[in-house]
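Everything below concerns the one structure shown next.
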Amino acid sequence: MTTHLLVTGAAGFIGSQYVRTLLGPGGPPDVVVTALDALTYAGNPDNLAAVRGHPRYRFERGDICDAPGRRVMAGQDQVVHLAAESHVDRSLLDASVFVRTNVHGTQTLLDAATRHGVASFVQVSTDEVYGSLEHGSWTEDEPLRPNSPYSASKASGDLLALAHHVSHGLDVRVTRCSNNYGPRQFPEKLIPRFITLLMDGHRVPLYGDGLNVREWLHVDDHVRGIEAVRTRGRAGRVYNIGGGATLSNKELVGLLLEAAGADWGSVEYVEDRKGHDRRYAVDSTRIQRELGFAPAVDLADGLAATVAWYHKHRSWWEPLVPAGSLPA
(Lines of atoms letter the chains of each structure in order from A; the text may use other names.)
(Lines give C-alpha, C1' and ligand atoms only; values in the text may rest on other atoms or scores of the structure.)
Protein backbone atom coordinates (compact mmCIF):
# COMPACT_ATOMS: atom_id res chain seq x y z
CA MET A 1 0.00 0.00 0.00
CA THR A 2 1.39 3.40 -1.00
CA THR A 3 2.09 5.95 1.74
CA HIS A 4 2.03 9.63 0.79
CA LEU A 5 4.52 11.39 3.05
CA LEU A 6 4.99 15.14 3.46
CA VAL A 7 8.48 16.17 4.61
CA THR A 8 8.78 19.82 5.66
CA GLY A 9 12.15 21.55 5.70
CA ALA A 10 13.17 19.04 3.05
CA ALA A 11 15.96 21.13 1.50
CA GLY A 12 17.76 21.67 4.79
CA PHE A 13 20.58 19.66 6.33
CA ILE A 14 18.58 16.95 8.09
CA GLY A 15 15.50 17.09 5.88
CA SER A 16 17.43 16.52 2.66
CA GLN A 17 19.35 13.62 4.19
CA TYR A 18 16.05 12.08 5.25
CA VAL A 19 14.54 12.44 1.76
CA ARG A 20 17.65 11.06 0.05
CA THR A 21 17.59 8.09 2.44
CA LEU A 22 13.90 7.39 1.83
CA LEU A 23 14.33 7.42 -1.94
CA GLY A 24 17.78 5.84 -2.08
CA PRO A 25 18.91 2.21 -2.11
CA GLY A 26 17.34 0.35 0.77
CA GLY A 27 14.59 2.91 1.26
CA PRO A 28 10.94 1.89 1.55
CA PRO A 29 9.55 1.15 -1.95
CA ASP A 30 5.99 2.22 -1.11
CA VAL A 31 6.59 5.83 0.04
CA VAL A 32 5.75 8.80 -2.20
CA VAL A 33 7.50 11.93 -0.92
CA THR A 34 6.30 15.51 -1.16
CA ALA A 35 9.23 17.72 -0.17
CA LEU A 36 8.20 21.14 1.14
CA ASP A 37 10.67 23.95 1.79
CA ALA A 38 10.53 27.76 1.82
CA LEU A 39 14.17 27.88 0.61
CA THR A 40 15.24 30.48 3.13
CA TYR A 41 18.96 30.98 3.74
CA ALA A 42 19.65 27.44 5.02
CA GLY A 43 17.44 25.61 2.51
CA ASN A 44 19.45 24.57 -0.54
CA PRO A 45 17.75 22.90 -3.54
CA ASP A 46 21.11 21.38 -4.50
CA ASN A 47 20.78 19.19 -1.40
CA LEU A 48 17.98 17.36 -3.23
CA ALA A 49 19.69 17.08 -6.61
CA ALA A 50 20.16 13.33 -6.18
CA VAL A 51 16.40 12.70 -6.13
CA ARG A 52 15.24 15.08 -8.85
CA GLY A 53 13.33 13.12 -11.44
CA HIS A 54 12.60 10.26 -9.05
CA PRO A 55 9.13 8.87 -9.84
CA ARG A 56 8.10 8.96 -6.17
CA TYR A 57 9.23 12.51 -5.47
CA ARG A 58 7.93 16.03 -5.99
CA PHE A 59 9.15 19.33 -4.61
CA GLU A 60 6.91 22.17 -3.48
CA ARG A 61 8.26 25.57 -2.51
CA GLY A 62 6.19 27.04 0.27
CA ASP A 63 6.12 28.55 3.74
CA ILE A 64 4.51 26.38 6.42
CA CYS A 65 2.83 29.49 7.82
CA ASP A 66 1.06 30.37 4.56
CA ALA A 67 -1.71 28.92 2.40
CA PRO A 68 0.59 27.32 -0.23
CA GLY A 69 2.34 25.42 2.54
CA ARG A 70 -0.96 24.24 3.99
CA ARG A 71 -2.47 23.16 0.69
CA VAL A 72 0.08 20.39 0.16
CA MET A 73 -1.35 18.62 3.22
CA ALA A 74 -4.29 17.42 1.14
CA GLY A 75 -3.83 13.79 0.16
CA GLN A 76 -0.98 13.14 2.58
CA ASP A 77 -1.00 10.10 4.85
CA GLN A 78 1.88 11.09 7.12
CA VAL A 79 3.98 14.15 7.98
CA VAL A 80 7.58 14.41 9.14
CA HIS A 81 7.97 18.01 10.26
CA LEU A 82 11.57 19.24 10.08
CA ALA A 83 11.03 22.85 8.96
CA ALA A 84 12.50 25.13 11.62
CA GLU A 85 14.73 28.05 12.40
CA SER A 86 17.51 26.42 14.37
CA HIS A 87 20.54 28.61 15.10
CA VAL A 88 20.73 29.76 18.72
CA ASP A 89 22.83 32.86 17.98
CA ARG A 90 20.30 34.07 15.41
CA SER A 91 17.50 33.61 17.94
CA LEU A 92 19.38 35.86 20.37
CA LEU A 93 19.49 38.60 17.74
CA ASP A 94 15.85 38.30 16.63
CA ALA A 95 13.44 35.80 18.14
CA SER A 96 10.44 36.79 16.03
CA VAL A 97 11.22 34.57 13.04
CA PHE A 98 11.74 31.62 15.41
CA VAL A 99 8.32 32.16 16.96
CA ARG A 100 6.74 32.55 13.53
CA THR A 101 8.22 29.37 12.04
CA ASN A 102 8.68 27.07 15.02
CA VAL A 103 5.48 27.96 16.87
CA HIS A 104 2.96 29.47 14.45
CA GLY A 105 4.19 27.34 11.54
CA THR A 106 3.93 24.15 13.58
CA GLN A 107 0.44 25.09 14.77
CA THR A 108 -0.61 25.78 11.18
CA LEU A 109 0.62 22.37 10.04
CA LEU A 110 -1.04 20.59 12.97
CA ASP A 111 -4.37 22.24 12.17
CA ALA A 112 -4.05 21.27 8.50
CA ALA A 113 -3.06 17.70 9.38
CA THR A 114 -6.07 17.35 11.67
CA ARG A 115 -8.42 18.83 9.07
CA HIS A 116 -7.17 16.54 6.30
CA GLY A 117 -7.20 13.38 8.40
CA VAL A 118 -3.45 12.72 8.32
CA ALA A 119 -2.67 9.36 9.92
CA SER A 120 0.49 10.40 11.81
CA PHE A 121 2.61 13.49 12.44
CA VAL A 122 6.26 13.32 13.53
CA GLN A 123 7.44 16.51 15.24
CA VAL A 124 11.24 16.61 14.95
CA SER A 125 12.68 18.56 17.88
CA THR A 126 15.83 19.03 19.94
CA ASP A 127 17.33 18.09 23.29
CA GLU A 128 17.79 21.81 23.96
CA VAL A 129 14.17 21.99 25.15
CA TYR A 130 15.30 20.28 28.38
CA GLY A 131 17.67 23.12 29.28
CA SER A 132 21.01 22.36 30.94
CA LEU A 133 22.04 19.64 33.38
CA GLU A 134 25.13 19.11 35.54
CA HIS A 135 25.31 15.32 35.35
CA GLY A 136 23.40 12.30 34.10
CA SER A 137 21.13 12.42 31.06
CA TRP A 138 17.60 13.51 30.29
CA THR A 139 14.80 11.01 29.87
CA GLU A 140 11.72 11.93 27.88
CA ASP A 141 9.83 12.57 31.13
CA GLU A 142 12.05 15.47 32.19
CA PRO A 143 10.29 18.85 32.48
CA LEU A 144 11.06 21.33 29.72
CA ARG A 145 13.32 24.22 30.75
CA PRO A 146 14.44 25.93 27.53
CA ASN A 147 16.98 28.72 27.99
CA SER A 148 17.22 30.35 24.54
CA PRO A 149 14.55 31.81 22.26
CA TYR A 150 15.31 28.98 19.83
CA SER A 151 14.79 26.18 22.35
CA ALA A 152 11.73 27.93 23.81
CA SER A 153 10.16 28.06 20.36
CA LYS A 154 10.86 24.36 19.78
CA ALA A 155 9.45 23.45 23.20
CA SER A 156 6.33 25.41 22.32
CA GLY A 157 5.99 23.45 19.08
CA ASP A 158 6.39 20.17 20.96
CA LEU A 159 3.69 21.10 23.46
CA LEU A 160 1.31 22.18 20.71
CA ALA A 161 1.88 18.90 18.89
CA LEU A 162 1.25 16.78 21.97
CA ALA A 163 -1.81 18.89 22.80
CA HIS A 164 -3.20 18.12 19.34
CA HIS A 165 -2.84 14.44 20.15
CA VAL A 166 -4.81 14.78 23.37
CA SER A 167 -7.37 17.33 22.15
CA HIS A 168 -7.98 16.19 18.58
CA GLY A 169 -6.78 12.59 18.50
CA LEU A 170 -4.00 13.32 15.99
CA ASP A 171 -1.32 10.62 16.08
CA VAL A 172 1.66 12.76 17.09
CA ARG A 173 5.15 11.43 17.79
CA VAL A 174 7.94 13.73 18.97
CA THR A 175 11.67 13.16 18.50
CA ARG A 176 14.34 15.08 20.41
CA CYS A 177 17.86 14.70 19.08
CA SER A 178 21.28 15.64 20.36
CA ASN A 179 23.61 17.88 18.32
CA ASN A 180 23.85 16.80 14.68
CA TYR A 181 26.82 16.85 12.33
CA GLY A 182 27.66 15.56 8.88
CA PRO A 183 27.78 16.61 5.21
CA ARG A 184 25.71 19.55 3.95
CA GLN A 185 25.27 21.22 7.33
CA PHE A 186 25.00 24.98 6.89
CA PRO A 187 28.39 26.55 7.71
CA GLU A 188 27.18 28.69 10.60
CA LYS A 189 26.99 25.61 12.85
CA LEU A 190 29.99 24.71 15.03
CA ILE A 191 31.53 21.75 13.20
CA PRO A 192 31.24 22.97 9.58
CA ARG A 193 32.12 26.52 10.65
CA PHE A 194 35.32 25.38 12.31
CA ILE A 195 36.21 23.02 9.46
CA THR A 196 35.83 25.72 6.82
CA LEU A 197 37.68 28.36 8.85
CA LEU A 198 40.61 26.02 9.46
CA MET A 199 40.69 25.04 5.79
CA ASP A 200 41.45 28.66 4.93
CA GLY A 201 43.95 29.17 7.74
CA HIS A 202 41.69 31.29 9.94
CA ARG A 203 41.39 31.18 13.70
CA VAL A 204 38.29 29.60 15.20
CA PRO A 205 36.24 31.20 18.03
CA LEU A 206 35.66 29.12 21.15
CA TYR A 207 33.02 30.37 23.57
CA GLY A 208 33.92 30.93 27.23
CA ASP A 209 36.20 28.30 28.75
CA GLY A 210 35.30 25.72 26.09
CA LEU A 211 34.01 23.26 28.67
CA ASN A 212 30.37 23.29 27.60
CA VAL A 213 29.42 19.68 26.86
CA ARG A 214 27.38 18.38 23.93
CA GLU A 215 26.35 14.93 22.73
CA TRP A 216 27.01 14.41 19.01
CA LEU A 217 24.83 12.48 16.56
CA HIS A 218 25.69 11.85 12.91
CA VAL A 219 22.91 12.91 10.56
CA ASP A 220 22.76 9.40 9.06
CA ASP A 221 21.92 8.00 12.48
CA HIS A 222 19.42 10.77 13.14
CA VAL A 223 17.40 10.07 10.00
CA ARG A 224 17.38 6.36 10.84
CA GLY A 225 15.95 7.27 14.22
CA ILE A 226 13.29 9.49 12.65
CA GLU A 227 12.32 6.69 10.28
CA ALA A 228 12.07 4.24 13.18
CA VAL A 229 9.67 6.62 14.91
CA ARG A 230 7.65 7.21 11.73
CA THR A 231 7.22 3.52 11.03
CA ARG A 232 7.16 1.95 14.50
CA GLY A 233 6.61 4.72 17.04
CA ARG A 234 3.59 5.10 19.27
CA ALA A 235 1.06 7.92 19.25
CA GLY A 236 1.60 10.55 21.93
CA ARG A 237 5.12 9.28 22.62
CA VAL A 238 8.36 11.29 22.87
CA TYR A 239 11.62 9.64 21.76
CA ASN A 240 15.12 10.94 22.52
CA ILE A 241 17.67 10.24 19.78
CA GLY A 242 21.26 10.50 21.02
CA GLY A 243 24.56 9.71 19.40
CA GLY A 244 26.24 8.45 22.56
CA ALA A 245 29.39 10.55 22.04
CA THR A 246 29.63 13.28 24.68
CA LEU A 247 32.45 15.83 24.47
CA SER A 248 33.29 19.28 25.72
CA ASN A 249 33.54 21.88 22.99
CA LYS A 250 37.26 22.09 23.78
CA GLU A 251 37.67 18.34 23.22
CA LEU A 252 35.76 18.57 19.95
CA VAL A 253 37.91 21.46 18.76
CA GLY A 254 41.00 19.39 19.57
CA LEU A 255 39.76 16.66 17.22
CA LEU A 256 39.04 19.19 14.47
CA LEU A 257 42.47 20.81 14.89
CA GLU A 258 44.08 17.40 14.56
CA ALA A 259 42.08 16.65 11.42
CA ALA A 260 43.11 19.99 9.93
CA GLY A 261 46.77 19.67 10.87
CA ALA A 262 46.47 22.84 13.00
CA ASP A 263 47.38 23.61 16.62
CA TRP A 264 45.84 25.56 19.47
CA GLY A 265 47.32 28.76 18.11
CA SER A 266 44.40 28.63 15.68
CA VAL A 267 41.88 28.99 18.52
CA GLU A 268 40.63 32.31 19.86
CA TYR A 269 38.69 32.25 23.13
CA VAL A 270 35.75 34.66 22.90
CA GLU A 271 33.09 35.96 25.26
CA ASP A 272 30.58 33.29 26.16
CA ARG A 273 27.18 33.13 24.48
CA LYS A 274 24.28 34.63 26.44
CA GLY A 275 22.48 31.94 28.42
CA HIS A 276 24.90 29.28 27.14
CA ASP A 277 23.69 25.90 28.39
CA ARG A 278 26.52 24.10 30.18
CA ARG A 279 25.79 20.49 29.38
CA TYR A 280 23.45 18.37 27.24
CA ALA A 281 23.08 14.59 27.26
CA VAL A 282 20.05 12.45 26.44
CA ASP A 283 18.95 9.04 27.63
CA SER A 284 18.03 7.08 24.49
CA THR A 285 16.90 3.93 26.29
CA ARG A 286 13.28 4.27 25.14
CA ILE A 287 13.97 4.32 21.40
CA GLN A 288 16.52 1.53 21.80
CA ARG A 289 14.20 -0.77 23.75
CA GLU A 290 10.91 0.01 22.02
CA LEU A 291 12.03 0.54 18.42
CA GLY A 292 15.38 -1.26 18.26
CA PHE A 293 17.32 1.85 17.25
CA ALA A 294 20.98 2.43 18.11
CA PRO A 295 23.49 4.86 16.56
CA ALA A 296 25.94 3.21 14.18
CA VAL A 297 28.39 5.97 13.17
CA ASP A 298 31.51 6.24 15.35
CA LEU A 299 32.33 9.88 16.14
CA ALA A 300 35.95 9.68 14.95
CA ASP A 301 34.92 8.07 11.67
CA GLY A 302 32.01 10.46 11.22
CA LEU A 303 34.15 13.54 11.84
CA ALA A 304 36.83 12.33 9.43
CA ALA A 305 34.23 11.76 6.72
CA THR A 306 32.66 15.15 7.41
CA VAL A 307 35.99 16.96 7.18
CA ALA A 308 36.72 15.15 3.91
CA TRP A 309 33.31 16.13 2.51
CA TYR A 310 33.84 19.85 3.17
CA HIS A 311 37.31 19.69 1.62
CA LYS A 312 35.87 18.04 -1.48
CA HIS A 313 32.81 20.28 -1.79
CA ARG A 314 34.13 23.82 -1.39
CA SER A 315 31.83 24.88 -4.24
CA TRP A 316 28.85 23.89 -2.07
CA TRP A 317 29.72 25.77 1.11
CA GLU A 318 31.87 28.73 0.02
CA PRO A 319 29.01 30.76 -1.53
CA LEU A 320 27.00 30.34 1.68
CA VAL A 321 29.50 31.84 4.11
CA PRO A 322 29.16 35.57 3.27
CA ALA A 323 25.36 35.36 3.23
CA GLY A 324 24.81 34.02 6.71
CA SER A 325 27.94 33.38 8.70
CA LEU A 326 27.97 34.01 12.44
CA PRO A 327 30.43 32.97 15.09
CA ALA A 328 29.94 29.25 15.61
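Using the three backbone atoms N, Cα and C, a Cβ is placed for every residue, glycine included.
Taken from Swiss-Prot, the feature active site, proton donor applies to Asp127. In three-state terms derived from DSSP, Asp127 (active site, proton donor) belongs to a helical segment.
The feature active site, proton acceptor is assigned by Swiss-Prot to Glu128 (among others). Within 10 Å of the Cβ of Glu128 (active site, proton acceptor) there are 25 other Cβ atoms, across all protein chains.
Taking the Cβ of Tyr150 (active site, proton acceptor) as reference, residues of its chain lying under 8 Å away and at least six apart in sequence are, in sequence order, Glu85, Ser86, His87, Val88, Arg90, Ser91, Phe98, Asn102, Glu128. What Swiss-Prot records for Tyr150 (among others) is active site, proton acceptor, and it gives similarity to another entry as the kind of evidence.
According to Swiss-Prot, the feature NAD(+) binding site maps to 13-14, 37-40, 63-64, 82-86, Thr101, 150-154, Asn180, an assignment based on similarity to another entry. In three-state terms derived from DSSP, Ser151 (NAD(+) binding site) belongs to a helical segment.
Summarising the annotation, Swiss-Prot assigns substrate binding site to Ser86, Thr126, Asn179, 189-190, 205-207, Arg214, Asn249, 272-276 and lists similarity to another entry as the type of evidence. DSSP gives Ser86 (NAD(+) binding site) a coil state; it is part of no helix or strand.
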When distances run from the Cα of His276 (substrate binding site) to each of the recorded positions Ala38, Ala83, Asp127, Ser151, the nearest one: Ser151
CB contacts for Phe13 (NAD(+) binding site) [other CB atoms within 10 A, all chains]: 25
Pairwise CA distance, Asn179 (substrate binding site) versus Asp63 (NAD(+) binding site), rounded so that it is a whole Å: 25
Intrachain C-beta neighbours of Asp63 (NAD(+) binding site), sequence separation six or more, cut-off 8 angstroms: Ala38, Gly69, Gly105
Asp127 (active site, proton donor): tally of other CB atoms within 10 A of its CB: 25
